[in-house]
Amino acid sequence: MAKHLFTSESVSEGHPDKIADQISDAVLDAILQQDPKARVACETYVKTGMVLVGGEITTSAWVDIEEITRNTVREIGYVHSDMGFDANSCAVLSAIGKQSPDINQGVDRADPLEQGAGDQGLMFGYATNETDVLMPAPITYAHRLVQRQAEVRKNGTLPWLRPDAKSQVTFQYDDGKIVGIDAVVLSTQHAEDIDQKSLQEAVMEEIIKPILPSEWLNTSTKFFINPTGRFVIGGPMGDCGLTGRKIIVDTYGGMARHGGGAFSGKDPSKVDRSAAYAARYVAKNIVAAGLADRCEIQVSYAIGVAEPTSIMVETFGTEKVPAEQLILLVREFFDLRPYGLIQMLDLLHPIYKETAAYGHFGRENFPWEKIDKAQLLRDAAGLK
């Protein structure tokens, strides 16, 4: 492969779509804490002064959706009306129904291992050895920039920062290997009284330089810090937010394909979420085992059917064993039936709110990031 550029973006926890994702997953977590077998599909809409939480939830649990919503918005940092959104005074509306019994009869089974998929669909998982977390570098560093923005906002280092922010990083590749960073974009909401020059200097020193490796930066690297010159109006006052609208930010930043299904607000019976996590787990273990430098997994399902309708392994010419052998290894070591992958990754716990900002992949505390099958795969493949 010749020289090329590749760009990924991320958004902060205060971005309107991410507020919605975090509320949906906070509701999911609260329900799973009481009822691990609950069926949850929770969607959220946010706009100036209001939050609407809707969807289909079937559970024995009772949760206070208004309190969960306000606490989530408060933790993000929207606590004053001058930000255009206030956790203490915003309206919280609820429109929750129950899961269709037609769907339910296709999912539940007397034998849990025969649990059917909650819907048809296709999901992808990906891993690459270009970073220590086996994720693409562009999305990894885009996430780290907005995470750092939240950190220095909350710890008081840059008290004039506000919750809404976006990042974008363009990497230079030569023959598939990173040779540098071509461009960095960071836009952050801010208080009215900070001037542009002071903001740009502070963002460079406190956010960008501590995060991006200096060996990838050079005199030709371009930096765009609040390029419009002003970002006071942000969050839900600037744009409405919806659950599930940042699916590329949530996954691989465009480096891998995406099946189209969003994650947040969905319990693990929804393969949109759980099978995408399992596909990442498979791909990461294949790369960690040294069986390939890059690996993309596709799985697909039919509603009400336990066995996947297809499994694909793509290694982009980087495989160390034949592709046919990789498929056999995946089938041998990973149970990709809906209940099997729930058990394999221990998914019936309230672990989802943390996934809802800064990416679902590449953070070691999530169970689908374990590489506990890597040595087994390596041994079975006959690699020394």
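Backbone N, Cα and C atoms are what each Cβ position is placed from, and that goes for glycine too.
Note that the coordinates shown come from a computational prediction; the quantities given were computed from them, not determined experimentally.
Swiss-Prot assigns the feature region 'Flexible loop' to one of the listed ranges (99-109, 154-164, 220-230), namely 99-109. Record check: Swiss-Prot places D164, A165, K166, R230, F231, D239, R245, K246, A262, K266 at the ATP site, and the matching candidate among H4, H15 is H15. In this structure, the CA atom of D17 (Mg(2+) binding site) is 9 Å away from the CA atom of D239 (ATP binding site). With A165 (ATP binding site) as the anchor, the candidate binding-site residues are E43, E56, K270, and the one with the nearest CA is E43. In this record, ATP is bound by H15, D164, A165, K166, R230, F231, D239, R245, K246, A262, K266; the longest C-alpha to C-alpha distance in that set is 36 Å. The binding-site residues shown are H15, E43, D239; of these, the one with its CA atom nearest the CA of K270 (L-methionine binding site) is E43. Classification of E43 (K(+) binding site) by DSSP places it within a strand. If you measure from the Cα atom of K246 (ATP binding site) to that of E43 (K(+) binding site), you get 13 Å. In the three-state DSSP scheme, D239 (ATP binding site) is classed as coil.
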